[in-house]
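Taken straight from TrEMBL:
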- Thr11, Gly12, Ser13, Ile14, Gly37, Asn125, Glu127, Gly209: NADPH binding site (BINDING)
- Lys126, Ser152, Glu153, Ser180, His203, Ser216, Asn221, Lys222, Glu225: 1-deoxy-D-xylulose 5-phosphate binding site (BINDING)
- Asp151, Glu153, Glu225: Mn(2+) binding site (BINDING)
- 5-133: domain '1-deoxy-D-xylulose 5-phosphate reductoisomerase N-terminal' (DOMAIN)
- 147-233: domain '1-deoxy-D-xylulose 5-phosphate reductoisomerase C-terminal' (DOMAIN)
- 265-385: domain 'DXP reductoisomerase C-terminal' (DOMAIN)
Amino acid sequence: MKQRIAVLGSTGSIGVNTLDVIARHPDRFEVAALSAGSRVEPLLAQCVAFRPAVAVMADPGAARELAARLDAEGLRTRVLAGAAALEQLVAGEGVDTVMAAIVGAAGLGSCLAAARAGKRLLLANKEALVVGGELFLDAVATGGATLLPIDSEHSAIFQSLPEDPATWADRVDRIILTASGGPFRDRAPETLRDVTPEQACAHPNWVMGRKISVDSATMMNKALEVIEARYLFGLPPERLQVVIHPQSVIHSMVQYRDNSVVAQLGTPDMRVPIAYGLAWPERITSGAAALDFSALADMSFESFDSRRHRERFPGLQLAWDALAAAPGTTAVLNAANEEAVAAFLDRRIRFDQIHAVNLATLDALVPSKPKALADLLAIDAQAREAALRAIGRLA
Ligand code: NAD
Ligand code: MG
């Protein structure tokens with residue numbers, strides 16, 4: 001039987017790459033559903049190409065327009081609107097696998113629904129795990145879901161770990177996440193205040209959505225990834241390490257008790273981790289180019305621990321700080337950062353003030369332990385309010 005896949009965030013960078021891999025394997029995969037935020041045109045084109053049974057848009061007005069346009073094309077795709085419809089859809093009979101590629105905490109509800117329903121869950125949406133934390137993992141366990149990482153670092157780590165998760169804590173000494181350092185790796189920290197959204201979104205190695213591009217420039221992306229790794233692999237935070245590797249050839253590594261290091265390498269192309277997640281435990285073609293070792297001039301590494309890097313990327317440390325604080329604090333950090341990045345992209349605050357907003361929000365709020373999705377949503381909302389107040393003071 002073909003794997004029936006729902007691609008959430010299908011019009012985004014990960015979504016498009018996912019459909020590219022799926023299209024290479026029509027014998028294995030079928031697109032059961034597509035979902036996007038508010039832009040009708042790209043989702044319409046995807047519906048025409050992939051003929052899903054269902055399409056869901058977050059925005060009701062956009063959904064109505066999509067329905068009319070599909071009708072005019074003579075397509076029978078059913079159109080739904082809103083987050084509740086999406087949650088129902090991913091938990092339903094017609095879907096085996098969910099590619100979670102919505103950006104931000106907006107993807108949490110659909111991830112939890114897929115986890116509870118025991119689906120195969122391909123997680124690109126790292127913010128959902130950073131917000132959901134232990135509750136997310138509980139949903140995966142009770143639902144009997146299969147959680148597979150799509151983030152390139154976490155896919156690399158997963159590929160470098162032994163097959164049996166029960167052996168990880170004992171055999172592994174540490175997990176080493178690589179970071180490219182983004183567009184400002186060499187920039188004088190004093191000049192980061194002048195960075196424009198265009199400069200922050202121009203990543204040297206990867207083409208990605210705007211939010212994650214800004215996160216890569218501040219290294220908050222790596223902070224979110226450290227938290228993501230903590231939850232995915234269960235190692236204590238002090239055994240998670242970040243090393244700067246500008247070429248993005250090694251996507252991350254696992255160091256074992258005997259100091260043997262296992263790494264995963266490849267060209268910087270998200271179709272590799274996507275194909276791995278889709279086919280796991282098998283392997284399929286991804287469309288990515290092979291590494292050309294003769295053209296690979298050098299691989300270099302820098303410790304993150306230099307004073308200049310700490311000044312440049314003060315946000316990275318917040319990962320360990322938030323993990324050490326009250327449960328729910330990673331959700332506070334994520335919400336603050338989402339609001340700060342949006343304010344920066346809107347030119348309401350400066351680039352270096354993203355960190356100030358994150359710090360102010362963490363200071364303003366000590367969450368009580370979340371016990372259900374409603375608690376997480378309340379923490380998320382409170383943190384956004386605190387972040388917006390901080391943004392108001394700075395703007
Ligand atoms: P993107 O901005 O290119 O795409 C986001 C997608 O989500 C779009 O399809 C958009 O329509 C949809 N969306 C946005 N808000 C929504 C809402 N409220 N409800 C429903 N749908 C909504 O982002 P991206 O770069 O593809 O990243 C997606 C996720 O994958 C992020 O969590 C990111 O951190 C993660 N990720 C991305 C990459 C990458 O290379 N792009 C790599 C690793 C992880
Ligand atoms: Mg990553």
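For all residues, glycine too, the Cβ spot is worked out from N, Cα and C.
Positions of the features from TrEMBL, shown on the structure.
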residue: Thr11; record: NADPH binding site; DSSP (3 states): coil
residue: Gly37; record: NADPH binding site; DSSP (3 states): coil
residue: Asn125; record: NADPH binding site; DSSP (3 states): coil
residue: Asp151; record: Mn(2+) binding site; DSSP (3 states): coil
residue: His203; record: 1-deoxy-D-xylulose 5-phosphate binding site; DSSP (3 states): coil
residue: Asn221; record: 1-deoxy-D-xylulose 5-phosphate binding site; DSSP (3 states): helix
Which binding-site residues are spatial neighbours of Glu225 (1-deoxy-D-xylulose 5-phosphate binding site) here, meaning Cα within 10 Å, out of Thr11, Ile14, Glu127?
Glu127
Within the same chain, and leaving aside Asp151, Glu153, Glu225, name every residue whose CB is within 8 angstroms of the centroid of the CB atoms belonging to the recorded Mn(2+) site, in sequence order.
Lys126, Pro149, Ser152, His154, Ile157, Leu177, Asn221, Lys222, Leu224, Glu228, Ala229, Ser252
State the count of C-beta atoms found within 10 angstroms of the C-beta of Lys126 (1-deoxy-D-xylulose 5-phosphate binding site), not counting that atom itself.
28
Measuring Cβ to any atom of ligand 2 with a strict under-6 Å cutoff, which of the binding-site residues Ile14, Lys126, Asp151, Glu153 qualify?
Asp151, Glu153
Hey, does DSSP put Gly209 (NADPH binding site) in a helix, a strand, or just coil?
coil
For Asp151 (Mn(2+) binding site), which of the binding-site residues Ser13, Gly37, Asn125, Glu127, Asn221 has the nearest Cα in space?
Asn125
Using CB atoms and a 10 A radius, I'd like the single residue among the binding-site residues Gly12, Gly37, Gly209 with the highest neighbour count.
Gly12
Which has the fewest other Cβ atoms within 10 Å: Ser13, Asn125, the binding-site residues listed?
Ser13
Within the set Gly37, Asn125, His203, Asn221, Glu225, which binding-site residues show a CB-to-ligand 1 distance under 6 A?
Gly37, Asn125
